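What follows is one structure encoded as structure tokens, with my remarks underneath.
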Amino acid sequence: MAAACPCRPIAPDTAAARLLGALWFVSVTTGPWGAAAGGGEETLKCEDLKVGQYICKDPKINDATQEPVNCTNYTAYVQCFPAPNITCKDFGGNETHFTGNEVGFLKPISCRNVNGYSYKVAVALSLFLGWLGADRFYLGYPALGLLKFCTVGFCGIGSLIDFILISMQIVGPSDGSSYIIDYYGTRLTRLSITNETFRKTQLYP
């Protein structure tokens, strides 16, 4: 004869408490905290932090060129500081717990390369001495400058055309650099299209 089961039904409150405890244990052991404790998740790099988790300083501007002082190849870098109590790997690869005063990474920003060619000087030379080719000599086009000098600015027509092109910043220095414009004024932004950018404009690849 089978013995009677001594088990008694579990109260609903006790069952709910046990279920919540089991769910909490699973979430801790498999969640981000558990993975970090077990070494399964690698520390995030500081440059991969989300917006709001860091703050970057404004670039130091050169008063003469109105461009960042460390601008090279159309790129400058600013210092960024992770927020307090954030742990990440800095630009040296060291895992650091930041307090808000340490530099975590350097963020690249776009800038214009300048190489000593002044916009005001180029316009003045084109206006007053363009018929002698002085503007073209100044911008690094000696052949065109000599041709304008020998033809008296293509009988004045070439001088007028060059003045318009230089004033509109369509013609710039021969080395591809930008004009030095010592104020936050309007600048010409050159847009170009490549095979990749053309494909991105198409609705259907």
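Glycine is treated like the rest: Cβ placed from N, Cα and C.
Note that the coordinates shown come from a computational prediction; the quantities given were computed from them, not determined experimentally.
Annotated in TrEMBL:
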type: DOMAIN; residues: 116-164; note: domain 'TM2'
type: SIGNAL; residues: 1-30; note: signal peptide
type: TRANSMEM; residues: 117-134; note: transmembrane segment
type: TRANSMEM; residues: 146-166; note: transmembrane segment
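Within the model, the domain 'TM2' (116-164) shows a mean pLDDT value of 94, rounded to a whole number. According to DSSP, the secondary structure content of the domain 'TM2' (116-164) in residues is 41 helix, 3 strand, 5 coil.
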